[in-house]
Structure formats: C-alpha cells, structure tokens
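Reviewing the structure listed below.
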Amino acid sequence: MAILSHTLGFPRVGLHRELKKAQESYWAGNISQQQLLETGRELRARHWQQQKDAGVDLLPVGDFAWYDHVLTTSLMLDNVPARHRSGANESDIDTLFRIGRGRAPTGEPAAAAEMTKWFNTNYHYMVPEFTLGQQFRLGWTQLLDEVDEALALGHRVKPVLLGPVSYLWLGKVKGEAFDRLSLLPALLPVYKQVLGELAKRGVDWVQIDEQALVLELPQAWREAYREAYQALQGQTKLLLTTYFDSIRHQLDIITALPVQGLHVDLVAGDDDLTELHRQLPAEWVLSAGVINGRNVWRADLQSWFEQLRPLLGKRELWLGSSCSLLHSPIDLSTETQLDEEVKSWFAFALQKCAELGLLRAALNAPDEANQARLGEYSAPIRARRHSSRVHNPEVKARLEKITAADSQRQQPYAARAALQRARFKLPAWPTTTIGSFPQTTEIRGLRLDFKRGRLDGGHYRTGISEHIKQAIVEQERLGLDVLVHGEAERNDMVEYFGEHLDGFVFTQNGWVQSYGSRCVKPPIIIGDISRPEAITIEWARYAQSLTAKPVKGMLTGPVTILCWSFPREDVSRKTIARQIALALRDEVADLEQAGIGVIQIDEPALREGLPLKHSAWQDYLTWAVEAFRLNAAVAQDDTQIHTHMCYCEFNDIMDSIAALDADVITIETSRSDMELLETFKEFDYPNEIGPGVYDIHSPNVPSEEWIVELLRKAAQRIPAERLWVNPDCGLKTRAWPETRQSLANMVTAARKLREEQP
C-alpha cells in the first residue's frame, strides 16, 4: 500500500499578500469585482501547483476564503443574517464582506457579525448566527466552483468541508434561546447535497473537518456525530479530520462512525500511533499529521520515520500536515536576511510540503539512500540543541531566583485605588483609548524608509515625534481623560517588542492571516529572552512632556507575546512566558522612573492560550496569571496598571481575570452587545473595567445614543464609579475621519452620563 501525502489547507494570502492588497483595493473602489475574483483564481492555481511540485499527492480545495472559511460555509448554507441581505435573496461576495466588515461596495451597511478566535490560534473566524426554526439551503457555491477549477487544471483534489457538528458548535444563538444542536436535521440535507455534487464530479475523498472532536464535548454533542454521519455516508469517502489536540477520549464515538479515514494531529496532541492503529477499523485510512502546520520549525523527519515505520504494510497510511498550513508563512527561500544557521532550523509552508514528500518517499522505499536523506535533513535540528544562540545562562539564573513575593503588589486594590484617585483626579466615566491611532501611509513610509536606510535616525525621530505630538493634540481637542502616544513607532504590538528583546528573530515575508485582509508577521522565539536596553521610555517620556493629563505607557504582555510569536519547542510555554515577564518587568520599573503613572500591559491573547481541553485549563491559567503579575507587580501602588483583552469570552475564567489584579481592565464587548457583562450577574469583579463601547473592526461610526445605551447597560452590572469609557480595541487599522467622529461621540456620551449623576 503506497503512502500518500496531503495538506489540510494552504495559506491564502499569497507570498506578497496579493489577496490582502486586492481585497483592500476592491473595498476602496480602485479595482472591479472581476479583478478581485481574478486575483483569487490566480492565487489558487499557483498554490495548487506549488503544493503538487513540492510533493503533495492530494491537493486541498475549498481551503481558500475571501474573508474566512467559516463565513464561506455560512454562505454555502445560506445562513445570512437578514441585516446583511440588503434586499437580495442570492448571496454574492459583497454579502460576505458585509457580514465580515459591516459594509461592502454594494448594499446597505449593517453591524458586522461577531468575530472570535479560531480554537487556540491567532486566526479569527466570523461567528455563525442561528435563530429558532432556521432553515438552510445550498446558496454560495464557491466550493463546487473551485473544485471545477482544480479538476480543469488536472489536479487530484481533496475538497475541504467544515463538518456540520463543528459548524453548529462554532455558532451562537440570536434572539429567542434554543439548543442550536436542534438545527442539525435541517442542516444535513444541504451537506448531503454538497457531497452529492462532489460525487458527480468524480471526487473520491472529502476532508470533512470536525475540530470540535478534540474538545471535551457534552454527551449530546458526541451523540450528534452519529446522527450526522449516518446521514452523510455513501456518496464519497470521508476523511474525518481533527486537529489542534488529541482525540483518544473520543475514539469510542469516532470508531463507530461510517467514515473511511481519520486524520489525527500528532504534533499538538499526544495520541499514540500504535494505539490508534489498534483501535481504528482495519479498512480505514490513518492520516498522520506529522508536519507542524502552526509553527516554523524544521521537522525531525528521522524521528517520524522511526515512529511510522512499524505501521508499514499493516494499514493504509497517509502523511499530512498537523493542521492547515494557513497558520504558517509561505516560503522560506525568500528570506534572504536570516542568518544561515538560524534559517536552517526553519520550514515554511512550501518547505513543509517538501518535508511530506521526503518522508513519504522514505517510507515508500525505506532503503539506505532515502534514510540517509532524512538524516541529512534532520542534522540542523540536532545542532540547534547545543547552539549558543539558544541558551543564555544569565536568564536561567534569574528564573531560578523568582519568589512568590515577586508577583505581589504591595497593597490590595482598594488601597491602591485610593492612592490613584488622589494622584490623577479623574472624572466619573473616565475616557481613554486602547493605545494605537491610525497608521497612516506617512507613518508606515517613515518606518520603512528608516528600516531600509533611506532615512537617518535623527530625521526618523523627528518624524515620529511629530506624529506623537499630533496624537496628543487630537486627544486634547477631543477631551479624552487618559491619553496615549499613538504607537506611531510600532509596526505590530508583538513584533515591536520582539525586535528589542534578545531571543527573537524576524522574517521579511513571514506573513500569516489574522482575519479578513489583516495579516501579521509573527516573531520567532529561538532562544532565551532578555532585555538588553529600555524599549518604550523615550517616546513615553516625550508624549508625557506634551500634556498635563496622564499618558499611558504601553506594553504587550508576556502571554500575548508568547501566543502571537512562533515559540520554541524545546522548552515549556510557561518558561518562555516567565522569561518575557522578567524582561518587561524591568520596562515597567523604567517607565515609572520616567514619570509615567499609568501603564497598560495588553493581554488580548490570554484566553487564546487556554488548552482546548477544559481539564487542562487550571495549570495554564496558574502560570499565565503569574507571568502577568510578575511583569506588573514591580509597580508602586499609586501607579495604575491597565490591561486590555479583546475577541474574548471570559465568563468561565473570571476568577483568573480577577487574579491578574490589574487596576483597570478594558475588554471587547461591542460586537456581542455587552453579552460579556452577563457574567457580572454571578461574579462581583473587584476592580475597574472599561467595556468597549464601539467596534473598531468596522469603519461604521457609532452614534452617541448607541454608546450611552451600552454604558447604561454596563452600569446595571458594574458600579458606575468603577466604569471606564473606551473603544473595544486599538485604532491602528482605522482612518482619522471616522476615528475623530467615533471618539467625539464617545466623549460626548461620557459627559452626558456624568451630567445625569446626582
């Protein structure tokens, strides 16, 4: 039985972010819809051919998305909220953009759908909305159209379909409460129709993604898999696909399903190959996810060869990426500025495809020559274990000296709050922003010219100073109470700090999609982390010199830097987080010395870092909270520590949020209509909180009345004297006109509420 290779998906955006540029040009009216669609066709054709050339046998089709693959599935099922239909019965690409962004070149603007994290990754999906008695039908035929494209190009295709149970799990009920699982019978006929259409096209295998199986599901949801797959059997072979964690706790359900194969993530999970082989039906394909789709490290092919070799000839075996390569940069060969030793440690999406081909060849013909190739390929991995670039004895020594007292503020919140009120004398309903202001073309050009040597340091600092001054003037004019310097010097909230810390390296083209057209270029943590010199002090001190109002020092927290970087795999995540916390602890002390009295330590990724299995949460939360406190606790009691979190649901981790002991927490609540605040019915949050009052991910300007309504709703759950008024996230991606108007409405709303107070 010859072993086949496949990937679960490929990056969509293009090596040079061609999709992002086309999307944004279309939204701005600079290119036609036809030109946008043509860009998508070109990217798909290129990516299929690149995977094939690298050694992938079965090509994923349906992994491409114009905004998000969950949103694509919603349109396929005609699950379009009424507010986004804009009078049209049939969906088109603008329908999709209205759901994702709140507006599109055609149709009426409407509130965008809620966006949240994709499992425990830094990718975001658009949350499906479900209503009581909802019906589904085959609407958007993107998957079928793209299968036709790939077949016309002569490719051996494996369509990718988000499974029905996971789709329901990922959504939310809107309106009258009901069990969304009750929609499964209405959903299955559309899935059957899609599978039937694929069968008509001669499709042999369909990859049906049921990522929810890695979770610890309620029994009703486990049983739903039986109902779903009994209904879907018989038209094509189904590869039940799981990833991001182990599935051994679900094998009793999985092995009873009428599918023909199972894909298991052997990188993120700890499933045992021998045990999987023993428990799976003998006729099933076992797809081994051995190439890490979520990180950039070269795979130890020699080790995987030894683990997989005992299965040769015993069952049909496929080799795959652990998950979609969506989470990986595209091509390492374009990185011309990386040190050659460090570069030899990495593999990006195309190199990962080649790894699959190399391992497949060795397993199909396990002769000495092929095994020697594996050994040669894996040599840099062994060399890295002893590299001086990786290990710093001083960092290890400092970690060993940490005590419990290092993560404790001097006094409890109530005593600190009294000192802070006396120091800052802020009004009721104090207003602030989250940190960043619009990153204009001028700002980006200034940074780029400096980075490429076209601008000297003096002129660069002068330029950045002018933008900081403009940000302070704008905020003073608007009447905000606690100001920010605007972060003109920062390209990305994680990359900026990584550039100033030892232990990180950076890429030129290592872009990955975050959501929609938003791409990020995560740093890579290659070794022990330390701070060689102060990072933010110069700009914070300058901004504070321009105003009598407090200006926040802005730091990215240790857990977020960890989660939004490609981490090391040779030490624990806890160890990495503590190293970052110690480095940034020194930055907090330096900010205080520079006269900064309000310091924000952003942790938007705190929930994202949670293990997928609830039983493993407490261990993670213990060290994540400790890392934040280790970072912050050096501050004096009259220094106000803020933190910010976004895209999150906190109802089930409120104890840990409170344990951070931040004086003020700002959170994303606008897209979910303050839904998060429902948790305060049960949980008496002790400190101050700023529920985000408008959605910065949409260009729509919130009305003063809308903001007042949200704040009144918040005041029903949290005492008004502990409420702050702020957007739900930074304003980096917005334009100045909408930013000014939105903030003006926000400040006016806060003043109105102050006037209403007795």
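Please read every residue number as a count from 1 along the shown chain.
Note: Cβ is positioned from N, Cα and C throughout, glycine not excepted.
Just so it is clear, the model here is predicted, and its values are computed rather than measured.
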Going by the L-methionine site in Swiss-Prot, where Ile434, Gly435, Ser436, Glu487 are listed, which of the candidates Asp590, Asp602, Asp619 is also part of it?
Asp602
With Arg17, Glu18, Leu19, Lys20, Lys117, Arg518, Cys519, Glu608 listed by Swiss-Prot as binding 5-methyltetrahydropteroyltri-L-glutamate, identify the candidate in Trp48, Trp140, Trp169, Trp564 belonging to that site.
Trp564
Candidates Glu668, Glu704, Glu705, the one Swiss-Prot lists with His644, Cys646, Cys729 as binding Zn(2+):
Glu668
Give the helix, strand or coil assignment DSSP yields for Leu19 (5-methyltetrahydropteroyltri-L-glutamate binding site).
helix
Please name which of the binding-site residues listed here, Ser436, Asp602, His644, Glu668, Cys729, is nearest in space to Lys117 (5-methyltetrahydropteroyltri-L-glutamate binding site), Cα against Cα.
Glu668
Could you state, as a whole number of Å, the largest distance between Cα atoms of any two of Arg17, Glu18, Leu19, Lys20, Lys117, Arg518, Cys519, Trp564, Glu608, the listed 5-methyltetrahydropteroyltri-L-glutamate binders?
28
Cα-to-Cα gap, Glu487 (L-methionine binding site) vs His644 (Zn(2+) binding site), nearest whole Å:
15
Measure between the Cα atoms of every pair in Ile434, Gly435, Ser436, Glu487, Asp602, the residues the record assigns to L-homocysteine, and report the largest value in Å, rounded to a whole number.
13
Across all the protein chains here, work out how many other Cβ atoms are within 10 Å of the Cβ of Glu487 (L-methionine binding site).
24
List of residues, in chain order, with Cβ under 8 A from that of Arg17 (5-methyltetrahydropteroyltri-L-glutamate binding site) and at least 6 apart:
Trp511, Cys519
Using Cα coordinates, what distance in whole Å links His644 (Zn(2+) binding site) and His697 (active site, proton donor)?
16
